[in-house]
Amino acid sequence: MSVLRAVTAFFIWLGLVQAKLVRETLEFTWGVGSPDGVPRQMILTNGKYPGPDLVFDEDDDVEVFLNRANLHTVVIDKLDLDTCHQSHAVQYDSPLARSIVRYCRYSLSETRLIRILCRMESAPWSDGVPGLSQAPIQPNSSFVYKFKASPAGTFWFVVLRCLVPSLHNVQGSWPNQKPDAVPSSMHNNCTPSDGGVPIIEVDAKDGWASLNFIGAQAQKGTTFSVDNHPMWIYEVDGQFVEPRQYEMVGMYNGARYSALVKLNQTPGDYAIRITDNGGDQVISGYAILSYRAANTTENGTRPQAQIGPTTKGYIDYAGQNTSASVRHLNYTTNLPAFNVPLPPAFADLTLKTNMTRVNSSYQWSIGNGVLYEPEVTADTPLMFEKQPLDVIPSNFTLQTLNNTWVDIIIQIISDPEMDPIHPPHPIHKHGNRAYIIGDGMGVFNWSTVYEGMLERPDLFYLNKPALRDTFVTNTLTAALDGGVWIAIRYHVSGPFPSLLHCHITTHQEGGMALALLDGIDVWSELPTAAEVVRLQNADGPVG
């Protein structure tokens, strides 16, 4: 082949692999659903719950048209995605959590309309955080999200909140809420419900199956396991990690884990167990990993999945290991990222938080006692304020400069009187992922990570960092430890109205969040509200 023909063939091939434009539509409507076996009115996405899987190839240019019909005001938080070439997805839902179990043969993908991460630098207006980057979508209105499907990974979508009218707070009187309309079963005569058991069908001829677990639950921490099938964890929070094998994995709110299981067992049905791993409730949900009938042995016998409170696999109904040989990936263990550049040895800026309760059991702060609710600037999000610190107190924010490396020390300092015990806090950062470079019990008494490494190098791991968007603190008992901390490092590559918050819904609603104003020195480069409208209607990719 001549050089000219080779070059021509190359450019033809290059044209074929260019990113394509993919359009999806999501419509929110009221409808009756029963994910836990109890029918009730709920918000459906494209007529179902959970919503549809959104599957893209890496580097696709994606447009998601979101339409609302007959709902109260809804705020959508960031579209996140994962990329996949061939996928068979089964969504798992139980009374325990809205987790998603997803099977995919290659690299993985999904989208979400809130709190996880995809690379949004080119379109921060598509991140969708109320009060920061997007105003509420009004009833019978729509919004077009545009983003680049990159990097490949598993993510999720969820509505941040539905702003229900509460005019009694203004008018002073409470309307008739008809308490007699509340079903008696809300408080009396509790009976078990049956939401069904999802079945994930696999073919032993494929050799392996990939299962995706998404911590979409609002409050509970979970543990998952697959009977008779050790799991190779190869992706966490949409990022490839150095694969390691476990039988049980702890997963907190907002986290995503992808697991490969070898299909080398006797063809049959095997329980997938997802249990509460907290101290508040003993409960489990189930799915079934089912080998196709064609894989059944000649005598026709098939192992049957054992599910229910009295059954056991690698874990029991309470999420405890059933033998000492069961390998456990704890929620505080962060697997090193695979094949990524290491962060620099030094940061340009170190920021510290101090998470605590504030005056009550239901108010939480991530930033030295302040209670931040992004909705206070819902009408005009901070993204559209050229001087955002003129409209919001600086202590509700963390501010960084463009093109800098930033360390955030996420810590809790013990307060035996107000905070005798802290549960794990899954802290999520919008915008881009961050390296987890250290953690420890006690107080972070150093001014920088560098100082800490000189004194306690055993607490830091810059040569083997994790790369995540969810950072889970350890349980803290004030009587035993003075505190707990995690150190993260990330790069600021442009102006971005980000959010740092706890992924436990009641904690975030109680104020456990901060506005993370990245690139405050180039904030004026962000688009105006009018420019966002133009970008939504423009043809072609963003950025």
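The backbone N, Cα and C atoms fix where each Cβ goes, and this holds for glycine too.
Note: the domain 'Plastocyanin-like' (120-157) comprises 3 helix, 10 strand, 25 coil (DSSP; helix = H, G, I, strand = E, B). If you look up TrEMBL, you'll see 120-157 (among others) marked as domain 'Plastocyanin-like'.
Annotated domain 'Plastocyanin-like' per TrEMBL: 197-292 (among others), in sequence order.
Annotation comment: TrEMBL describes 393-518 (among others) as domain 'Plastocyanin-like'. The average pLDDT computed over the domain 'Plastocyanin-like' (393-518) stands at 95.
According to TrEMBL, the signal peptide annotation covers 1-19.
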Helix, strand, coil: count each for the residues of the domain 'Plastocyanin-like' (393-518), based on DSSP. 18 helix, 61 strand, 47 coil
The DSSP breakdown of the domain 'Plastocyanin-like' (197-292) into helix, strand and coil residues is 3 helix, 57 strand, 36 coil
